[in-house]
Amino acid sequence: MAVAAPGQLNLDESPSWGSRSVDCFEKLEQIGEGTYGQVYMAKETETNEIVALKKIRMDNEREGFPITAIREIKILKKLHHQNVIQLKEIVTSPGPERDEQGKPIEGNKYKGSIYMVFEYMDHDLTGLADRPGMRFTVPQIKCYMRQLLTGLHYCHVNQVLHRDIKGSNLLIDNEGNLKLADFGLARSFSSDHNGNLTNRVITLWYRPPELLLGSTRYGPAVDMWSVGCIFAELLNGKPILTGKNEPEQLSKIFELCGTPDELIWPGVTKMPWYNNFKPQRPMKRRVKESFKHFDQHALDLLEKMLTLDPSQRISAKDALDAEYFWTDPLPCDPKSLPKYEASHEFQTKKKRQQQRQAEEAAKRQKLQHPPPHSRLPPIQNPGQPHQIRPGQPMHNAPPVAAGPSHHYAKPRGPGGPNRYPQGGNQGGYNPNRGGQGGGYGSGPYPQQGRGPPPYPGGGMGGAGGPRGGGGSGYGVGGPNYQQGGPYGASGPGRGPNYNQGGSRNQQQYGNWQ
């Protein structure tokens, strides 16, 4: 298979389509699971190469191959860049898949399965950040952010919107390379068409205000809002906009970024859901006040990323030229970063769940079998006064029957205290101020919740709770977005007309424009 040079589109060649069987791979461990299937770490039996197998779930598809998988494959075969995940090939299972007992898996009795084969990455950003005691240094944060922006700039130049930027979709290997993954919600766009796009994209905590207000014409600026949320999360040590539903998410955005009006965001009052969500009272912008402990250059860049008006939001190209990346401490060389044990969000969630179950079982055991000298109150019948003979001790009173154990909700919160203190320059790497070439996340999407019915059709189901949790960065755990309506190319917004201006950028991004 021909491979395009870095930064160039490869439109003529496609990955191997079903020419090999999944039996060529040995599944080693599940690293993701979600709405669209499972992701496994696997080994190619002939070469011993470690890869990631993303199984495309077919049992719920009545009309053939899932549209999200088709879209992801078509886009990934075009994109070849060191900061974008590589789709290596497509493989199939020849017959119905079977469980460990050899029985056909329910819903797959008469079908085979299709797998997408990706390069394996050791971590996703959320799984890595959630490791106990993890503390990112400032040069490390700059290194990750520069790679994220470089990969996203490449996508936007080639007219691709990612539309699901979040920590679990940013994959990192043990060489420090970061890659964009999960293009299941990605779309091609064109600046000269004003087609309608769905606004039910991007995980809720990272969704920009224009989508929450009902816009169906948008461009690369939607991804840049998500990048701003990731940036603030890395610096702050926890997510910054944690709404439980669309109205609450917009409320949190307005509390931080101020109330939009025609002066600061022309056209906002004409957006479909503006009247449903406009705040009762005006609020001032508080980004600088809320994050005054950030470095000044970091704060300046964050302000430009979290701009309410998408037409004024900074582009990926301009963000790469921000002073933040060119002042001490400089971004470190990815290869200088420490190596960590594999950390995917699916695995860290699973470990926390197992720990909670063990603690719950220990509590239950303690209640059912108290120590021999424990002093538990005696059981009394309803309305029966407690009676005891004078001088008789109560040491051997009958134990209380154990009730049901406490219910523990699934966790999804900030990963503890600030993990990211101001650190020194660890390997201030800056040869010619060049850009760094360049990571899967996992876990189920929490339920979005429903709110009042400003949307057509009444409901307000959206792109799911906390960090979007979700499946793996290979794309298994996307939310249940409804893709209704004709989706053409995007309309207004920051178009793809990015020129490689500025001396800082001329050698940074290869030979693509």
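Residue numbers in this text run from 1 along the chain shown.
Using N, Cα and C of the backbone, Cβ positions are placed for all residues, glycine too.
Taken from Swiss-Prot, the feature domain 'Protein kinase' applies to 25-325. Summarising the annotation, Swiss-Prot assigns phosphothreonine to Thr35, Thr198 and lists similarity to another entry as the type of evidence. The feature phosphotyrosine is assigned by Swiss-Prot to Tyr36, with similarity to another entry given as support. Here Swiss-Prot flags Asp164 as active site, proton acceptor, drawing on sequence analysis. Here Swiss-Prot flags Ser191 as phosphoserine, drawing on similarity to another entry. Positions annotated as compositional bias 'Basic and acidic residues' by Swiss-Prot: 336-348. Annotated region 'Disordered' per Swiss-Prot: 336-513, in sequence order. Residues annotated as compositional bias 'Low complexity' in Swiss-Prot: 417-433. Among the features that Swiss-Prot reports, compositional bias 'Gly residues' is placed at 457-478, 485-494. Residues or ranges marked as compositional bias 'Polar residues' in Swiss-Prot: 497-513.
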One finds that other Cβ atoms within 10 Å of the Cβ of Ser191 (phosphoserine) number exactly 17
Quick tally, other C-beta within 10 angstroms, Asp164, Thr198; top of the recorded positions is Asp164
Per DSSP (three-state), Ser191 (phosphoserine) is coil
On average, residues of the domain 'Protein kinase' (25-325) score a pLDDT of 91
Between the C-alpha atoms of the residue listed as 'phosphoserine' and the residue listed as 'active site, proton acceptor', the distance in angstrom, to the nearest integer, is 20
